[in-house]
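Novice: Just passing along the structure, written as structure tokens.
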Amino acid sequence: VLQSSNSLKASYEDWLLTYGLSVSPFHMRWQTALFNRQFYNWGRWKPRFLYLWFSLGMVFGIVAMFGSVILLGKTLLQTLTQMLTEAPKAQNDRMLQVVVSVLSLGLYLRNDWPLGFLMCFILLSCPHQQVPGVNLPVSQLTYFFSAILISGVIHEVGHGVAAIREQVRFNGFGIFIFIVYPGAFVDLFTTHLQLISPVQQLRIFCAGVWHNFVLGVASFMVLLLLPAILFPFYYTGVGALVTEVAEDSPANGPRGLFVGDLVTNLQDCPVYSVEDWNSCLGDISEKSQVGYCISAATLQQLSFPARVYRRLDGTVECCSNNSLTDICFSYNNNLDSHLYACLPARKVIEASNVCRTNMDCQKDFVPSFCVTPSLENQTRLIRVKHPPHIDMLYVGHPMHLQYTVSLSSFVPRQNFLSIELPVVIETFCKYLISLSGALAVINAVPCFALDGQWILNSFLEATLSSLIVEKQNRELVGFLILLAGSALLAANVALGLWMVTAR
């Protein structure tokens, strides 16, 4: 609208130029020379160290270029195999699926040399887990976009500092927003870039993916050492601290879980951390329902006559559907293995030992039975201990409990300390590891418009100039490889998105 106005067009364009702004459909970019001095200071700091640093980055970039092709090839074969399999595997199968989701593209052209990046990431997940970009929770968007921006800035800082180290003129640094996804770019003088040797070019082109790899490793180390870092303020190894319970969670209620509760046991499985919580829920989900020891006298006292009927899945129900406290239990008395009793769940479970058979309950010569909840398939009765509160009795699918209750392994030493801080640090580190690591791998793919294109071209110039004398022939080899790499990446993206939407 402003550009179509004769009176405002000139002043509008002057205003954009003054502040280094550029606006176009779905894309807004800001470029500045404010940080040039800082970039030059970084690029001239300890030249010998920077030479070794970016030489390591060059080696990593070349390895990553070949490794990314192998990874994408393996992923493509795995996805095709999964698509063509007549009998798909069960939801509980732990086979990892690689889903490549293209999230944004910021391509900045200056003197025919693209100085942007393609923002992608790989999610290694089990088929039943959430996929960011498709069903990413709104509460995670801040982590997501912050990690994208930081990964992009670190990537471009690598290019900029390496270019100054190799005596290439640095014109400016900028940030862009493509649709809703943020990113960064650097503006280098193309003529200088073309005059330096292929090895020097490799150091510059590989610096971005190298810095992303280092950022991912640094984030992993922070995540690994977080208990030691936060030790003066938080202690670990005593349970899983509840930080959030979703409104629609089955764990909600007067006898459910509350923020600040410390979970110490799931059934007979001890919980010392969030990892234990997830592991215990996985074991409970995969194994059959445990039973509870109850004496014959108590069984006779608590049980009452009820109509027995079978559900559609073949399991048996013997309690009223309206009951909120009673559960149908099955047991055998060594004569009949198909006996059922409607019992008050809390009275049966409290002060009872878990069991699998009647033999587990034969103690103190008191006749006892192992009664097992008769529930629908995949449904479990889970006893959750969170002292000093009364135990929570959960009836439902274990994964519903896992998805609707957020926990932390860090317990504050003082009441004024936030229970959310360790969770924020953990979550942000995980996003940085995923996004920055993926950017390091995907951007190294020999594909048009990615760093891999320029890494490949410089690599061929540095290695094949003596074998293939004609430059045109070397360019043809590079073009064919780039064509194959682009097709491989496009096939992974298309099939990956198809797998996500198909699910």
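Glycine too: its Cβ is placed from the backbone N, Cα and C atoms.
Automatic prediction, not curation, is the source of TrEMBL annotations.
So TrEMBL says this about it:
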| type | residues | note |
| --- | --- | --- |
| DOMAIN | 143-483 | domain 'Peptidase M50' |
| TRANSMEM | 50-73 | transmembrane segment |
| TRANSMEM | 141-158 | transmembrane segment |
| TRANSMEM | 170-189 | transmembrane segment |
| TRANSMEM | 209-231 | transmembrane segment |
| TRANSMEM | 431-456 | transmembrane segment |
| TRANSMEM | 476-500 | transmembrane segment |
Novice: Where else in the chain does the transmembrane segment (50-73) make close Cβ contacts, counting only residues six or more beyond its ends and a cut-off under 8 Å?
Specialist: 43, 98, 100, 158, 161-162, 165, 199, 202-207, 209-211, 213, 440-442, 444-446, 451-452, 455-456, 459, 485, 488-489, 492
Novice: I'd like to know if the transmembrane segment (476-500) touches the transmembrane segment (209-231) in this structure, counting it as a touch only when three or more C-beta pairs sit under 8 Å and are separated by 6 or more positions.
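Specialist: Taking Cβ pairs at least 6 residues apart, the transmembrane segment (476-500) and the transmembrane segment (209-231) are not in contact, as fewer than 3 fall under 8 Å.
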Novice: So what's near the transmembrane segment (141-158) in sequence-distant terms, Cβ-Cβ under 8 Å and 6+ beyond its ends?
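Specialist: Counting only partners 6 or more residues beyond its ends, the transmembrane segment (141-158) has Cβ contacts under 8 Å with 39, 42, 57, 103-104, 106, 117, 119, 132, 173, 175, 180-186, 207-212, 215, 427-428, 431-432, 434-436, 439, 443.
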